[in-house]
């Protein structure tokens, strides 16, 4: 046993030496990069690289999955409240004064590349020529006009989206919404083999575009604080931010949740509220809220030991998942940021660059900080508050007659008999937005659709109606044209169906 203990001590000493060497090598490389920064970018770059260094240090310290599965418990009953209970409290007469304490923050760091678009994802048209950003501005403007309030919009951009977003913001100069932006950090990607940065200087254009990345939305706390915007908003009397992904069209300001935050029934305010919703089979990989060491904690699939992944995905054991709609107290962010006390697990995101180089990105997720805040709460909200548009399959749903658009908000049509959203899977011929648009002469009627699968070279004529389960498969080399006015109900269409005009 003594020999075993000595050998373990030797191993850990050896590992510690390697760790120190890696940190030293990283420091040397980062100093070289910093030395290439022009004077007007020096302070900003230094802050970014300091933040990265901290993250890298933690990455080297951590081993294996970051949760002990045995310690995971179901959250206590009262720690996740049903939305109906919060709504039942009604609204106070002074809801405008409550609204004036709110800031809406949208995570706007992502590009539209997964949908074949250049530039920020928020500038993709989603409904009646409106982009994600248009709809967001319309929603907040409607609030400000209806209640005579001043709810500002804050966009967290990344170095990928900042320039294009700022150009477009001029078109809202006359709208009744103050819009602010700040940038999340820019971190260097790491060579998977050497664990050193692949960037040689600070530039991020041309050949260097692949050397840098925005480190996930968990970066919001440090970047918001460092930008000075957090202090300015607190000085203006703002108390809470409502944070959500800009591509979640269900994430509108909810007055009942806001009232619950500002006027809690027990008199004790929450510093952090996470909206969760019931899992369906499509959401089994979503992060879930658990009780861990007497605190609410978000557990993501990447943190789960391999042996327990199936258990984690179980819809019966873990019934809810995080929508990433979060309500957070500004004063708490400031306090925790100043104490360097926001603890978020590191997400190691491996990627292969176009040239074949394997790299890793170290990221964090905004919701993971829930355990650092006092008096946190989950609210189980209706599914309608989670309407993300990640693919053209999602785009088909939000463009269709399933939804009506009113003041920037989408609501499910009353003509739909059940409130669930159809399951839509469009094949690879539809991945890019321009290809997708070319294949639909008009968006089909989906009011009675349960499930749609389309694969291969398929086009849709005008005024097509899809009901029940519809599967359309064009074999390789074949093409299927669904004729104008066709009604497909519980149909499988395959082979080579071409309808030609005479």
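Don't overthink the numbers, they just go from 1 along the chain as shown.
Just so you know, glycine gets a Cβ as well, placed from its N, Cα and C.
Just so you know, TrEMBL annotations are computer predictions that nobody has curated.
Around residue 184 (UTP binding site), a 10 Å sphere centred on its CB holds 27 further CB atoms from the protein chains shown. Residues or ranges marked as UTP binding site by TrEMBL: 121, 184, 216, 247, 390.
TrEMBL lists 217 with the feature substrate binding site.
Geometry remark: residue 390 (UTP binding site) versus residue 217 (substrate binding site), CA distance 16 Å.
Across the residues annotated as binding UTP (121, 184, 216, 247, 390), the two Cα atoms farthest apart lie 21 Å from each other. Considering only the binding-site residues 121, 184, 247, residue 217 (substrate binding site) has 184 as its nearest partner by CA-CA distance. The Cβ of residue 121 (UTP binding site) has 24 neighbouring Cβ atoms from other residues within 10 Å, across all protein chains displayed. Taking a C-beta cut-off of under 8 Å and a sequence gap of six or more, residue 247 (UTP binding site) has these contacts in its own chain: 110, 121, 122, 132, 388, 389, 390. Within 10 Å of the C-beta of residue 217 (substrate binding site) there are 24 other C-beta atoms, taking all protein chains into account.
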